[in-house]
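For H155, the entry in TrEMBL reads active site, proton donor/acceptor. What TrEMBL records for K159 is active site, proton donor. Under the heading NAD(+) binding site, TrEMBL lists G10, P11, R12, G13, K14, M15, G99, T100, T101, A125, P126, N127, F128. The annotation NADP(+) binding site is assigned in TrEMBL to K43. Feature annotation from TrEMBL assigns (S)-2,3,4,5-tetrahydrodipicolinate binding site to H156, G165, T166. According to TrEMBL, the domain 'Dihydrodipicolinate reductase N-terminal' annotation covers 5-128. Residues annotated as domain 'Dihydrodipicolinate reductase C-terminal' in TrEMBL: 131-265. Residues or ranges marked as region 'Disordered' by TrEMBL: 177-196.
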Amino acid sequence: MSNTNVIVAGPRGKMGSEALRMIEKEEQFSLVACIDRKNAGLKVQDVEGLPAFDAPIYDDVEQCFQDVQADVLIDLTTPEFGYKHTRLALEYGIRPVVGTTGFTKDQLAELEDLAEKKELGVVIAPNFALGAVLMMQFSKWAAKYFPDVEIIERHHDQKLDAPSGTAVKTAELIQEARESKQQGHPDEKETLEGARGADLDGMKIHSVRLPGLIAHQEVVFGSNGQTLTLKHDSYHRESFMSGVKLAVEHVLKLDVLVYGLENLLE
Ligand SMILES: NC(=O)C1=CN([C@@H]2O[C@H](COP(=O)(O)OP(=O)(O)OC[C@H]3O[C@@H](n4cnc5c(N)ncnc54)[C@H](O)[C@@H]3O)[C@@H](O)[C@H]2O)C=CC1
Ligand SMILES: O=C(O)C1=N[C@H](C(=O)O)C[C@H](O)C1
């Protein structure tokens, strides 16, 4: 099996540190550098709590991409920096695997154009957990028969973006499967602003943020005399790592941007 040189952006984060542990276990992946806001000039192994890699840490992204021979950038940071890192990686011929959520539609379109121009693969996956990907696919299927649907996503209270990337992607998939539709009573009024949640093509999305949660979503379909609920829970961030591994393996063979892990599954 050939070796893949990987850079991780956000190594001290909840997802980034889990990605380092995954790389440690996979002998076909080599960590060649990390991008972090802190600890520039140190090695990963010098940072308390991180695995014993002797890969250097950079806070200057361009310097990192110039110094280090890398095949793939795994970005697990914030919407603002994740977008910048992804653009720069493509400029330097490095294929991005992006778990960071909260990119706008315009940013996704720009990255798609850049990937096509550079003929480089990019994987942007709002959720790397296989169960969540299946929940999204089942939701698309169900929406054909149950067009009235609301999404309730629940996450830990350190999350920056709302709604979650998974909820947005789920709503977009449902949008592809059903006729556009305004749900609820046509005369309904919110007596407290936001009571009905966010709206995507008439679908309501409700975001819960509480300590103790990790990543959870329910997609509730309603019809005459019945409801159908599709539910997924990530209880540990390890749940995302088989998807990150799959994305790193696939991105090497791609020359376009792929949005959603479902596009890599058989
Ligand atoms: N696609 C998926 O399956 C999943 C995606 N996520 C997404 O991944 C991202 C990270 O999530 P968490 O690890 O929970 O957040 P976190 O807050 O624990 O970690 C983010 C890390 O990024 C670092 N960071 C911020 N700005 C940076 C910069 N300019 N350069 C380098 N590092 C920088 C922070 O210092 C922090 O360590 C979020 O956008 C989240 O929504 C989270 C879980 C699963
Ligand atoms: O921030 C998180 O934690 C998660 N973010 C992703 C999202 O926005 O959907 C994936 C998962 O839900 C965890």
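The backbone N, Cα and C atoms fix where each Cβ goes, and this holds for glycine too.
Residues belonging to the domain 'Dihydrodipicolinate reductase C-terminal' (131-265) score a mean pLDDT of 97 in the model.
In sequence order, T101, P126, N127, E153, H155, K159, D161, S164, A167, A215, Q217 are the same-chain residues whose CB sits within 8 A of the CB centroid of H156, G165, T166, the residues recorded for (S)-2,3,4,5-tetrahydrodipicolinate being left out. Listed binding-site residues: G99, F128, G165, T166. Those with a CB atom under 6 Å from ligand 2: G165, T166. When the C-alpha distances from H156 ((S)-2,3,4,5-tetrahydrodipicolinate binding site) to the binding-site residues R12, K14, G99 are tabulated, the minimum falls on K14. Proximity to ligand 1 (Cβ under 6 Å from any of its atoms) holds for these recorded positions out of G10, H155, H156, T166: G10.
Broken down with DSSP, the domain 'Dihydrodipicolinate reductase N-terminal' (5-128) shows 49 helix, 27 strand, 48 coil. Residue counts for the region 'Disordered' (177-196) by DSSP state, with H, G and I taken as helix and E and B as strand, are 1 helix, 0 strand, 19 coil. The two recorded residues R12 (NAD(+) binding site) and the residue listed as 'NADP(+) binding site' have their Cα atoms spaced 13 Å from each other. Between G165 ((S)-2,3,4,5-tetrahydrodipicolinate binding site) and F128 (NAD(+) binding site), the C-alpha separation comes to 11 Å.
Calculated from their C-alpha atoms, the gap between G10 (NAD(+) binding site) and the residue listed as 'NADP(+) binding site' amounts to 14 Å.
In the three-state DSSP reading, G165 ((S)-2,3,4,5-tetrahydrodipicolinate binding site) counts as helix. Among the recorded positions listed (K43, H155, K159, T166), T166 has its Cα nearest to the Cα of P126 (NAD(+) binding site).
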